[in-house]
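Student: There's a structure below that I have some questions on.
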Amino acid sequence: MLGSKSIIAVVAIASAIVTGVVVIVVVVTLSVVLTRSSVKDTNSIYVPDVITNDPQMTNEMDTLEVISSSKFSGTKPKEWTMKYTKYPYWRCGLTFTNEEKQNIVNENKEYMNSLLQLINNGSLGRMPEKYGGDKQFEANGVNWEADRLEVRYGLFGRVFGQRAVAWAFPGEIVTIKFPKGMSYKGIQVGIGKCNHNPSDQWLNVNNWSNDRMPIDSIGFDLGLNTTQPYIINDTFKIGSPFGGMIYLRSDTTFTNSFYVTFSNVGRAPIINYNITTNEEWNSVLRNAPGNVAEIRTPGNRLVLTSRNIRSLEDAQYISDFWLKAISISNYAVTLENIPITLNFDQRVDAGAAVAYVGRWFTQNPSDWAAACVGKDGLINYGNWGPLHEMNHHMQGTYLKGGNWGISNPGEETNNVMTSINYILYTNIAGHRNQGLSGWNYVSDGYSTIYKILKGENDQPHLRSYVNMAHAFGTDTLIALVKSYYGLWYENNFESKYSIKRDSTSAFCLLAALVTKRDTRYLCSLFKYDIQSNVSEAIKNMNYPTYYPFFNLYAMSYNGNYYGRPYKIPYGRTRLNFTATTAIDPKATSVSYTIKSGLTKGKLERVEDNVYDYTPFFGIEENDTFVLNIDCVVNGEKVHIEQEGTFELDPHQVEYEVYKDVQTRDMAQALNIIQNKTANDTGRASFFGIGTYNDGSMQSMLVEKGKLIVPKSGYYTLFMKADDLGRLLLNITGEYEQLLDVKTYLGGYSKTLNGSYATVKLEKDVGYPFILYNLNTGGQGFIRIGYCYHGTEESSVDVSKCSVSDIGSSMVLNEKVKTGAKEPEFQIPPIKYSRPTRFLTNAYRTIPKCLNGDDACSIKCLSLPLKHDDSSKCSNMFDDNYSTMYHSRWTGQGTTFPVNYTFEFSENVTFNNLYVHHRRPEDSWGYFEMFVKSPETGEMELLEKYKHPKSTTTELNFQKLVTTDRVQFIVYNNSNGGNYVNVVELSFNIKETFKNYTNSFGPKIKSTGFKKVTTPGASGGYLAVNEKEGEGSLCFKAKVTKFGLYGYRKTTSGKFRVTIDSQPGEVTSQSYFSDSERTLFYAHTFDETEANKVHNICMEVVEGTVNLDIIGSS
């Protein structure tokens, strides 16, 4: 190596290096979630206070700042004069003939198509309230009293598509101010709910909705000739008789950020990933006046009506969930610079929902929206529909070969991606003791394979893929997905084996290569045909056979942890390992051995592989076990080790069954059972007792537990029963009879005395109850339902109740101690991070020459003869792409080879060379590069390069080079011409990093720096020193190298980096590229200092400096 590694400082250059994109994969364990202390990350050693990778960090978000606020004037816009006497609006309850519908469509269309003209001449009006003008967008009204705002919206240009900005009040005009003189090509402004284009809205009366006006949204392309007359002094005005969300759309024309000001708007419930905090959400945005809402992450956006999001409290969880969801597909399949839009609208023109893959949006029913923002539901039940539609966009359409999968690739792809989400980020498998229905089977190993081993042909294709995740991990499943693009084409398998990419043979082959297992037995279970040459190839790999056998109680497979703890009830439970293991029915010599564990309870053997287990631990504890499964399959011994964790299920209540109670009177039945012993027991996971059939015998069932409510206030409890029922509830310290149903009641009644009662209950208090059900023969049941009225007694109105069954979350086992809390589900961290993107990973280490040759510190010791006096040495270093050094081309032109020799006033260090030519045909051809050795003073050959005909030349060197003299011997023009030219020549440091940390991260000590709102910056903020020449940012790092990234500014200050109290040189903050975020400093530690803990500070010396992120490896 020439020279030595050192602290490298920074100066600036022009733009033209390709932005480096580093794909970050953060592999995390689920040890907290799995409650397995033995599961550890062996790839890292935790050092307190040392910066680490921030997997949540992204740099693709826009920003919004409120500039000013004013009170409502008190005067609403004038009402639009409408032609007819009734119109559709939210829950209007009206009916319309086809003629009425068509008339309204025509009027609606005419008015919306005239919006810009109406705004321009001052004739815009609002839809009258008496016709439902305040009740569009699924709203019960408009908050007219809300403040009117002026906001500054920062659009991050590298990401295109539509974004929600703010709320427009019905009939009011919003003024939009764009940057002076900007081009409007590629800019659109929309207003309404979801689709800005009327062609995306159903205007056929056969698809009429009584809940809304036919056209409630419209958009305007500002680049069109028909729109541009309405742009005056860079100002555009928009409004609608219905109001709506204001949207700003950009296309790929824009690469840098710009700011747009919106006046006379209201806030809307908009959640921006990694920007919107729970504090801001709950104090400002949650109840903002906008009746349309948006959740936005770098990879997707959900547009829904605000009524679905008002009850949300944890906004950060919701945006985090949706980023995690899209990031799985982004990592496994494809990544685009436009978020996928999930619209929740009433207009769905195919099936339950539809994905417009080519247009990058999905249309979902509006009644799917609430579940997308329900935290408990997403954790415990998932949300298959919207995830499925979203992942349709990840079918591989944009990658080599298109879709992958067996038989039906388009569906298989998105279902596999959704399954990974269920496995990683939900607690669905934690409820498998209650059984898993629908798509939820994908979350658990046993549930995924059980039906296949039973011989059922239920979704075998998806099960065969998902099974890999449970046995080998989601990394392996994603590797299998990637193999359809990588291994498949790299090895030309289609030609080699004469098989198709969507065949079962292809699956078996790729699965074997990825898992390093013999998959022939697995494929036989799924009844997959394997072509003979493929089968022979798998056999010759000599991998061990994979046997997909899983126990229901377990949550690991031979060391891979995939599941969740298994819930068992209070009291004794029977563990039947034979009945709860999915295993080949033809297997022989089957044995189940509890190798270790189950020490926190009483374990009693009943028979082979069957035990009674009585837990001694409480709700906040657990017990663990290791289970060995041994058997013989096809003459081969099979050994599988699975681990599991038992937790108590506090939401299972117990009931006793007293048989032969010969009375139809509840009072007599209670007397009869006083001195009797229960004949049987049962359990329920809700408030009530499910279907119980006692045949011709009468029976009395008694359930005891505790009622717990999520909110304090007034509740009306309802009972339905077959046949008789009674509820005692302890509110004041004594049981009191609350409900008494004396006859069969198949549904909840709001009028039958004794079947309902209203009580005031406090949140998180366990109210003991006793529930009696007298079944007079045959099939019986009893259920308790509820209606919540709020905290004021005056709001109680039973007639308006919408009664819901009381489910498991509102009942507790009577043995749950007062104050004991169920362990909260620990939300797993993101495993597949979205890459930190749009970085320029280089900066220039030579000075600029802005004032001609005489003032240039770089000396040209040798150059080819120049064409004319406009060709100056300094032109190659002036960061100006309109100047150059052009060799002679007239006469006989330039005689090759030619010599370029440059001398620097001091040593420069670089690992990257960048040369820019005017045109491809002007470029260097074959050349050799020499540098002067600092040790010997001799010129030494560094590189030989045959440059193809192109505008740019970029060379990367494996090690840092330090020298004060560089020479290029150019032997020809790449196009055979008799000249060459150089527009810009730069020597740079270029680095990429594995980890990235926000400049305002918790382990960064900031002194004298403030947050400056900046689109595209991490978290929406840039760290900028408050006072010129003052401020520092310090951190600890255990790395081999690190780098500092900031935003390019026309003027910048100076700083020094101090490492372990050793100050570096004072340098200027300037950049290589015109890209917004670029590297401006890097340091590589030598071998003796690498991976030691170092104290690092960036200290401002002069002017203003900014920092966005810190990269490290």
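Numbering starts at 1 and runs along the chain as displayed.
Quick reminder: no glycine exception, Cβ is built from N, Cα and C everywhere.
The transmembrane segment feature in Swiss-Prot is assigned to 7-27. According to Swiss-Prot, the domain 'Peptidase M60' annotation covers 159-473. Here Swiss-Prot flags Asn207, Asn225, Asn233, Asn274, Asn533, Asn576, Asn675, Asn730, Asn753, Asn899, Asn972, Asn995 (among others) as N-linked glycosylation site. The domain 'PA14' annotation in Swiss-Prot covers 648-800.
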Student: I'd like to confirm something. Which of the glycosylation sites, Asn233, Asn274, Asn753, Asn899, has a Cα closest to the Cα of Asn995 (N-linked glycosylation site)?
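Tutor: That would be Asn274, the closest of Asn233, Asn274, Asn753, Asn899 to Asn995 (N-linked glycosylation site).
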Student: Please name the residue among the glycosylation sites Asn207, Asn274, Asn576, Asn730 whose C-beta has the most neighbouring C-beta atoms within 10 angstroms.
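Tutor: Of the glycosylation sites Asn207, Asn274, Asn576, Asn730, the highest Cβ count within 10 Å belongs to Asn274.
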Student: Asn753, Asn995: which of these glycosylation sites has the highest Cβ count within 10 Å of its own Cβ?
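Tutor: Selected residue: Asn995.
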Student: Rounded to an integer, what is the Cα-Cα distance in Å between Asn753 (N-linked glycosylation site) and Asn972 (N-linked glycosylation site)?
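Tutor: Their Cα atoms are separated by 102 Å.
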Student: Most Cβ neighbours within 10 Å: which of the glycosylation sites Asn225, Asn233, Asn675, Asn899, Asn972 is it?
Tutor: Asn972
Student: What Cα-Cα separation, expressed in whole Å, is found between Asn576 (N-linked glycosylation site) and Asn730 (N-linked glycosylation site)?
Tutor: 38
Student: How many neighbouring Cβ atoms, not counting its own, are there within 10 Å of the Cβ of Asn533 (N-linked glycosylation site)?
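Tutor: By my count, 13.
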Student: I need the nearest neighbour of Asn225 (N-linked glycosylation site) among the glycosylation sites Asn207, Asn233, Asn675, Asn730, Asn972, using C-alpha distances.
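Tutor: Going through Asn207, Asn233, Asn675, Asn730, Asn972 one by one, the Cα closest to that of Asn225 (N-linked glycosylation site) is Asn233.
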Student: CA-CA, which of the glycosylation sites Asn207, Asn274, Asn533, Asn972 lies nearest Asn730 (N-linked glycosylation site)?
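Tutor: The smallest Cα gap between Asn730 (N-linked glycosylation site) and any of the glycosylation sites is with Asn274.
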Student: Roughly how many Å separate the Cα of Asn675 (N-linked glycosylation site) from that of Asn233 (N-linked glycosylation site), to the nearest whole number?
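Tutor: For Asn675 (N-linked glycosylation site) versus Asn233 (N-linked glycosylation site), the Cα atoms are 91 Å apart.
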Student: Three-state secondary structure of Asn207 (N-linked glycosylation site) from DSSP?
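Tutor: Helix, per DSSP.
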Student: Of Asn207, Asn274, Asn899, Asn972, which is closest to Asn233 (N-linked glycosylation site) if I measure between C-alpha atoms? They're all glycosylation sites.
Tutor: Asn274
